[in-house]
């Protein structure tokens, strides 16, 4: 099949051949490059019909929404769980903390596996774990079992969060990703927004176990959707991880061949040399040309087997972290998510202590944060594509990944101001309507920025988009874990006014990191590529 048109796509070059011992490519010439995202493949996902693409988008969005819903649906039931299972408040906190830390970091495993075996097998295995975890939680009789099963549930649910963005990168070209990412990311924002309301309603009507039975039904629907309706978007020719695994296999065959030929040559030293040459021809592995599509279509490709070395998540993870532009954006995204989790956690406490709201009314107020986040995700994504198109037109139809970040500047002024407004509205016990407005503005502006930076990570790491998104998940999960652990002590010590004034300052630093990448990111990426070429 012919290669798709790439005139409107940002092309971030990657080298064309692969190192034996790392998840990168090497090249004898920096000029010899190929756009790995547009290597010709059979049944190119970017050429699928709009209906097939929309179906894929809906399935992965549903999976991420259910995954995000699982993170906080139990919160309104915590007091009932504590009484029923004779647990302490510290043990209840660990059910949330264990979920967040596993959900944040286990995607490194899923992303590495999906780059070898494809997206669909990973989705199915992970969804099955989600189902098992939900069943065990609904039937658990001790808090220790519940903590362990929350960890299992997190491990199963996080695959959707880890590789869905990479799935969308498989089927949508660069100039389409802002809008697509905006629509897609609205789903995992809707989950946390609805979680407290659903959890509170189910718990009050049917008991706390009903929350996990509800997740069981949802996870079963997700599993069946992936099994029946989902068509794998993964194409190994466009994966640097797979190409690296193939290179290691061929290099191993080459070493075996050399050893065998040397042994035969020694034994046949006093004989005619023609048999040796014949044997050498028989043992010769397929040549690996200086072109990725040729490498991945070489004989023996299907013999590449998943091994522990291939699914080791750390080489691709460290490869992402080796680029300064990635690190700064990952820190910025982690801080945004840490702030978001701290806000939703402490806001529920403020509403309960100072406004005497029950779980259901608290959920209704927090829904304002979700509504603002969804609007910011969808509108910000569309604005991102619009700004990118204008910048490409002004640049003669060419673009680079950092252009994506330009659209985030519109929200930067308003995000810290809305956080300060929320801080002192809570501190002065203002009318609840003021707090609702501030929550909408906070969700709108913060997620506007996040949508742009997430799309940038995908654009700036062609061939490694799955690893980049998994690294992002690790950063945001770790930041969320830390922010929840320190949120209440800081709230008690500083009050809402002091705590969220400090968070406003942190968001200013976050915005400066994004601007720095906007200005310096292109040169940093080129330096990293040159370094990889020479390694």
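Cβ from N, Cα, C; glycine included.
TrEMBL labels come from automatic prediction, so no person has curated them.
Looking at 46-66, 67-87, 151-171, the range tied to transmembrane segment in TrEMBL is 151-171. Of the candidate ranges 91-110, 231-250, TrEMBL annotates residues 91-110 with the feature transmembrane segment.
Counting Cβ pairs under 8 Å that are 6 or more residues apart, the transmembrane segment (183-206) and the transmembrane segment (431-457) reach 3 or more and are in contact. When each of 364-383, 431-457, 500-518 is scored by its Cβ pairs under 8 Å to the transmembrane segment (327-344), the top-ranked stretch turns out to be 500-518. Beyond the transmembrane segment (212-230), the same-chain residues lying 6 or more positions past its ends with a Cβ under 8 Å from any Cβ of the stretch are 55-56, 59, 62-63, 66, 69-70, 73-74, 120, 123-124, 127-128, 130-131, 134-135, 137-138, 153, 156-157, 160, 198, 202. Looking only at the domain 'Major facilitator superfamily (MFS) profile' (56-522), the predicted model's pLDDT averages out at 79. At the 8 Å Cβ cutoff, the transmembrane segment (364-383) and the transmembrane segment (122-139) share fewer than 3 close pairs (sequence separation 6 or more) and do not count as touching.
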